[in-house]
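As structure tokens, the structure follows; a few thoughts come after it.
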Amino acid sequence: REYLDNITAIGPRTVGSPENEVVAVNYLLKQIREIARESTNAHKISIDIQRPTGSFSIDFLGGFTSYYANITNVIVKLEPRNGAEHAVLSNCHFDSVPNTPGASDDAVSCAVMLEIFNTLSKSPESLEHAVIFLFNGAEENILQASHGFITQHEWAKSIRAFINLEAAGVGGKELVFQTGPENPWLVQAYVVAAKHPFASVVAQEIFQSGIIPADTDFRIYRDFGNVPGIDLAFIENGYIYHTEYDTSDRILTDSIQRAGDNILAVLKYLATSEKLAKSFEYQHGNVVFFDILGLFVLAYPARIGTIMNYITAVIAFIYLSKKVLQSKTRAIHNLKKLLGAFGLTLTSWVCTLVAVLVVAVFVSFIGRALSWYTHFYVSVSLYGSAAAAQLILVHMLAKKFFYKNMNEQSLGDIFFDASLMIWSVALAVMTQMGLCSAFICTLWVAFPLLTKLMTYKEFSQKGATMKFIVMYMLGMFAPYLYMLYLSWTVFEMFTPVMGRSGSEIPPDMVLAGFIVIFTMILSSYFINFIYLVKSTKTTLVTLTTVFVVTLILVCSGIFFPYSSDAANPKPKRVFLQHTSRRFHDLNGNVVKSDSGIWINGFDYNGISHITPYVPEINDTIRTPCEEQAPFCGLPWILPVHFMFRLVKNWYLPAPEILPRSPVQFKVLSKELMPQNSVRLSFEVSGPSHMSLYVRPHEGSALSSWSLGDGTPVASLGGDYFVFYSHGLQAAPWHFWVELMAPEKHSDGIVSLAIAAHYFFGEDQKSPQLYALLERFPNWTFSSGWSCTYDLFVF
């Protein structure tokens, strides 16, 4: 805990700032050296400071290229006295995003690593393999420091596996949400060693699908180091992730202890494992893994899961076939009834999804999106009740008009079989797609089928007897309990993400979709009760009443989306950049210039809730797009333009800013190359963070450059984006671009813009920006900085 408090007391640790490059580094080195002095003679400890320079391209956020210079890594190697050939890596990062103390992301992980290093170094017994502790100083700059380490440091060659400690929330339990690639022995190591397991292959497949706008150093070690690993992250209370509220006092000591127990145990297991040295022999195959209520983890090879899944599906289809063929004379009739129930169930699901999404669209349209952001129960009352009511309504109408002359027990039986058929088909399809999450379908086929076989006699009796209901509920207990546990994890992760997912995606539609899916899953084996009981009118009226009352309250605006509650804040995120822009023509003349505060609300509501507090931020100052410039002529710090609509960001006129250390941009040379190509060489110097934007003109093509692996990677929309950062000091940045040029190019062949971002120091905030930030309500987290933007044509 002391380590955590001391690191966060430094304040925001932005890459390039003295706080990150000097104060934090010196603190870490002091603690590491003190621990090393008190270590036992069983260990050899080596300490290194790395300041790498490098470049790479990544397909995160639509694709861009990264360049870094003189950033900082603090590295410690703990090994046996006679050395070790192989090593396991433990990774955290001590830098933070601007304007935040970064306690959970990721100071707490570095504090945990210091304590683990302390514990291991005091052990009288040496480990079989080395443990390398990497305190990396540039993760928030999109994974730069880990790239510098794994591609350039001499110790990187010995690493056979890694554990990456991250955060997507503040405290709570740390979730294993990525493993591998392949290397099932790593999951087995976690299963055996972790004292308080919390892991899910479902989270892994969701995260790797890209629907969560985040990434970790796991990607770098996997893609550039070809090293397998385990990715852990705190996921609780993501509402204050990357905000000023991410403070050390919000992370419970129990949470730190739990993480330390788990990581220490897994590291010790790996550092004494024979498999680490021969990891290449155990690398093949994926793993199905999931914890049971945090008590233990079930893990088995995906190939075994595939066999189990297909066997379960085949048994279910055999059972359904026997039901259809039990009376040969009525086989066709039975099949029609089963397929009819199958089709009706799917129809009820589609109708429910459409109906609830219509409600979500309506709520978004009237400006009441995110009403549930602070009050999650509102989403359940609004969308959950609507989903359940719609499902019941469809089947009530079917029972009344299509099945009015049929036996109730027979109907209940048919619709149970229809749900079993749906899950069996889903199981077969997901298994064929290679999804490890198909184990959920296995649960929803195996347990209901066993339950049906055990309660077959009671199913045949008239009416839903109490004995039948009790036996039925007991048989369904396991899959329902696990599904509720999984849904809690999913909503814990996803609900806060909706507050930082940009203005393009209506969050109500996303959350409503999730609620409908979970409602359909949880109701799938209770649909048959609609046909077994005499009436469900009371239930339908109750659900409809809850929905209508909640909808009225939401429309009235009584549920304010954001909260400034000191104990549990849920702020709105707003980013403000005091910007001065200059647009140059082909001759280098300034043809247009302006200055203003560029404002982006990071959620779907834009700035509508803030206008009453700051009236000048309104619809009359929408940000115009400079069509001739890459990325609309706006100083994006990252290529997240696709997440934001220009109608939902603002440009408030403001005086020009004059940074004390302005960007220096020079053209060093223009060379004619073979095959009608032109190479332009540049020199740039400026603050620690800069963005380079490139747009080849019509008829031209960017064929190569001196960045990444030499092959330009375009962002979404076709422009090229380069993210640059440097540590405390760095030499001027030299780079070149090579373009295929048409014979006639009177308007030039390329537009190139450079934005300089001032995240700390005297140039960070202008007096006008300070004054504006002071007027923002206390339920916002408003992060501001100054920047300049210069566009050139060549």
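Using the three backbone atoms N, Cα and C, a Cβ is placed for every residue, glycine included.
Looking at the stretches 425-447, 540-562, the one that TrEMBL records under the feature transmembrane segment is 540-562. Residues 239, 348-349, 351-352, 355-356, 359-360, 363, 491, 495, 498-499, 511-512, 515-516, 519-520, 523, 527, 530, 536, 539-540, 543-544, 546-547, 550-551, 553-554, 559-563, 570 of the same chain lie 6+ residues outside the transmembrane segment (372-393) yet bring a C-beta within less than 8 angstroms of a C-beta in it. In the predicted model, the domain 'Endoplasmic reticulum metallopeptidase 1/1-A TM' (335-555) shows an average pLDDT of 90. Remote same-chain partners of the transmembrane segment (468-491), defined as residues 6 or more beyond its termini with a Cβ less than 8 Å from a stretch Cβ, comprise 175, 200, 202-203, 206, 235, 292-293, 376, 440, 443-444, 447-448, 450-451, 454-455, 458-459, 461, 514, 518, 521-522, 525. Through the fold, the transmembrane segment (511-533) approaches residues 345, 348-349, 352-353, 356-357, 359-360, 372, 379-380, 383-384, 387-388, 391-392, 395-396, 399, 403, 408-409, 411-416, 419, 422-423, 444, 448, 463-464, 476, 480, 483-484, 487, 490-491, 494-495, 498 of its own chain, all at least 6 residues removed from its boundaries and within a Cβ separation under 8 Å.
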